[in-house]
Amino acid sequence: MNSAAAAISVNEATLSRTGYQRVIGVDVAKDKLDLCDSHEKITGSINNDFDHIHKRLLDHVDPASRTLIICESTASYHLLMMDAAHDRSVDVAVVNARQVRDFAKGQGRLEKTDQIDAGVLCQFGEDVKVHLTAPRTAQQKNHTALVNRREALLKMRGQERMRLEHTHDVEAIKFLEEMLENIQKQLQSVEKRLQAILKELAKEDPKVNILLSHTGVGKVTTSVLLTRLPELGTLNRKQVAKLVGVSPIANQSGRKDGKRLIRGGRQEVRNAMYMAANSARRHDPATKAFYERLRGQGKPFKVAMVACMRKMLSTLNQMVRNGETFDATKYASMAEVQSCR
């Protein structure tokens, strides 16, 4: 029995506390998946690609058995496995990383490696009743794919602009300008398509209009939040701030009291929230007043902007949780109370 599964192996005739006969914990990374199987039929690491997911994981799972595959939510790295499992009629639970980490600490498991994390997920799936993740519709898959494409185009545009700045050859400049023009045209087409998808999604998902109701939140930001931050509305304000990476991390030891920095988190969401907060500080009176107060206290521009992003994210999180559209008076007063804590 491997160490990661030592405390979680179950007899094949035994159901877990959550009603599953078999639980497979999967720690997801960009290029690989670490597995921990309560039956120990599949273990170790596999590539996070179509062939390995089917041949090394799903081909060893009987859809008729009571099997649960459990993983943490990532920006997008878990989606290939999740969709493939759903196509095989296998139950999948995509859970919040913070909840799993708290569970591990409660079990006295302080070590953290990819294989250990897979083992913790397996035990979590056996001991804790989780909400199953619904299969994505074709429209939701298309939405995510186009958000991915938009992000890739933005990255390409930035790279080509950088090359253009450092190129002096006339012919090379011409090719770069043509490439930038093509990227811009495709970017406009993708964003137009994203707007059409949001219009259709709004008929079924109330979160669309809830997010769009906040001053500064446009269709692009809404698309990013829906596809990159599915946990929105399920966490408290501190958890969602840490998940996105807009919660300053203390840098203090002994007499040293360094600057608090933001790091980690979901960069795509952070970029979208920056644009939204930048718009809100000009057009939303409450955000504008909050920003100007911080600047008046001598806070640098970036510090004030991150604070606006965090405040705005907290408001959006609460709006989604409560199923409420934006009420400037209500949420401005709530933000003032929270900022004093």
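Keep in mind that glycine also has a Cβ here, set from the backbone N, Cα and C atoms.
Mean pLDDT for the domain 'Transposase IS110-like N-terminal' (24-165) in the predicted structure: 93. If you look up TrEMBL, you'll see 24-165 marked as domain 'Transposase IS110-like N-terminal'.
Marked as coiled coil by TrEMBL: 173-204.
TrEMBL lists 209-292 with the feature domain 'Transposase IS116/IS110/IS902 C-terminal'.
Across the domain 'Transposase IS110-like N-terminal' (24-165), DSSP helix (H, G, I), strand (E, B) and coil residues number 72 helix, 27 strand, 43 coil. Counting residue by residue with DSSP, the domain 'Transposase IS116/IS110/IS902 C-terminal' (209-292) contains 47 helix, 6 strand, 31 coil.
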